[in-house]
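> Quick one: this structure, given as structure tokens, is what I'll be asking you about.
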Amino acid sequence: LQGVFVLGLPYALLHSGYSGLLLIVLAAAFCCYTGKILIACLYEENEDGQLVRVRDTYEDIANACCKELSPKLGGIIVNVTQVVELIMTCILYLVISGNLLSHSFPYVPVTEKTWSVIAFVTLLPCVFIRTLKVVSKLSQLCTLVHFVIILVVMTYCLTQIHQWSWAKFRLSIELEDFLVSVGVIIFSYTSQIFLPTLEGNMKNPGEFRRMLNWTHFFACVLKTTFALTAFLTWGEETKEVITDNLPSFLEMLVNLCLLTKALLSYPLPFFAATEIVYSCISKGNHSNYRSPLLALSVRVSFLLLTLLMAMFTPHFALLMGLSGSVTGAAMTFLLPSLFHLKLKWKKLSFLEKCADISVFILGFLCSLAGIVFSIKGLLEVFG
């Protein structure tokens with residue numbers, strides 16, 4: 001999904017002006033920080049003062065924070081939030097795939113929903129994915145395709161360098177447009193859902209913080225460069241998805257690359273969602289709960305669910321925005337900072353406490369703004 005948001009960054013600069021460049025940097029720093037404090041919540045010091053991993057998942061962290069109220073309340077809230085966000089992401093990939101196929105082959109008498117079904121057929125092998133190792137290889141291919149897309153767009157932009165002008169940047173901005181830009185920029189960095197699993201599967205978990213620093217640094221540099229060159233090329237004509245600005249001979253190539261990226265991206269959120277549900281079911285004592293057949297049934301059910309919702313959910317983009325404003329902000333800003341304050345309060349310095357509180361307030365404001373404007377959009381559509 002990050003690739004989709006990256007393609008919207010030039011449009012975000014159109015509405016946020018110079019402040020958008022600063023936002024791209026700040027978003028990278030905030031998301032990197034919340035990733036670190038979330039992983040810190042997995043560890044506790046033993047009697048010798050050494051850090052020991054006593055928790056494995058986001059759910060375990062939530063349960064530890066809410067154990068005074070209910071032993072499983074926190075885990076239930078986190079799991080529901082995670083599954084909703086992951087499933088909505090999978091549905092979005094199917095919707096995007098249908099849209100891209102429809103625009104790539106406009107002369108074929110097939111509807112977008114039919115194209116989504118065709119894309120869905122190519123995703124059927126996902127039901128047989130049982131390890132994160134397979135998903136990581138698909139994600140590597142996805143990254144390569146993403147770089148091809150960025151390379152094509154930036155190469156074209158560089159051929160138009162004679163048209164660039166800094167006068168295209170806005171000095172004054174409107175609040176509503178600015179908040180939309182904030183949402184696009186911040187959610188182009190979100191990855192907190194996957195971090196506990198990723199850190200737990202690293203050969204050397206001690207390198208996690210360094211990995212997070214470098215990945216966010218390079219992501220920030222790439223996104224800033226891409227957004228800036230694209231916006232300087234098209235200025236006020238910049239469209240919501242920058243590939244729509246490309247000439248027709250490049251647009252089809254990039255659309256097919258985006259389709260490939262969407263299909264390769266689908267397995268990660270799908271695998272994560274099914275693993276969460278299966279792990280919840282398999283905590284029972286009955287041996288039947290641990291059967292491979294049940295695991296396969298869970299994956300098949302989720303695969304069909306994403307197809308059905310992609311086919312029949314009206315005004316999906318607005319509903320996705322509403323869901324993302326609630327679940328995305330919660331998983332990225334609100335819960336990591338809240339859990340870190342709860343579990344590490346006595347060991348945090350004054351500045352660390354201020355940082356966590358500031359991140360929580362920022363996340364709350366972003367979430368509130370996103371909810372308000374998403375509901376406003378839904379009311380206008382249904383009005």
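Backbone N, Cα and C define each Cβ position, glycine as well.
Annotated domain 'Amino acid transporter transmembrane' per TrEMBL: 2-375, in sequence order. TrEMBL lists 20-43, 76-95, 115-132, 144-166, 178-199, 211-232, 252-281, 293-312, 318-339, 359-379 with the feature transmembrane segment.
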> Counting CB pairs under 8 Å, which listed stretch among 76-95, 144-166, 178-199 touches the transmembrane segment (293-312) the most?
76-95
> Among the recorded stretches 115-132, 211-232, 252-281, 359-379, which has the greatest number of Cβ pairs closer than 8 Å to the transmembrane segment (76-95)?
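Stretch with the highest Cβ contact count: 252-281.
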> Which of 20-43, 144-166, 252-281 has the most Cβ pairs closer than 8 Å to the transmembrane segment (211-232)?
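Against the transmembrane segment (211-232), the leading stretch is 20-43.
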> Need a quick answer: max count of Cβ pairs under 8 Å to the transmembrane segment (20-43), which of 115-132, 178-199, 252-281 is it?
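Stretch with maximum Cβ contacts: 178-199.
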> Would the transmembrane segment (144-166) and the transmembrane segment (252-281) count as touching if the test is at least 3 Cβ pairs under 8 Å, pairs 6 or more apart?
yes
> Would you say the transmembrane segment (178-199) and the transmembrane segment (252-281) are touching, if the rule is that at least three C-beta pairs must lie under 8 angstroms and be 6 or more residues apart?
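Per Cβ check, the transmembrane segment (252-281) touches the transmembrane segment (178-199).
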> Go through the chain and flag residues at least 6 beyond the ends of the transmembrane segment (178-199) whose CB is under 8 A from any CB in it; none is fine as an answer.
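Hits for the transmembrane segment (178-199): 2, 5-6, 8-9, 11-13, 15-16, 19-20, 23-24, 27-28, 30-31, 34-35, 38-39, 42, 56-58, 61, 82, 85-86, 132, 205, 208, 216, 219, 223, 268, 272, 275, 321, 324-325, 328, 331-332, 336, 366, 369-370, 373.
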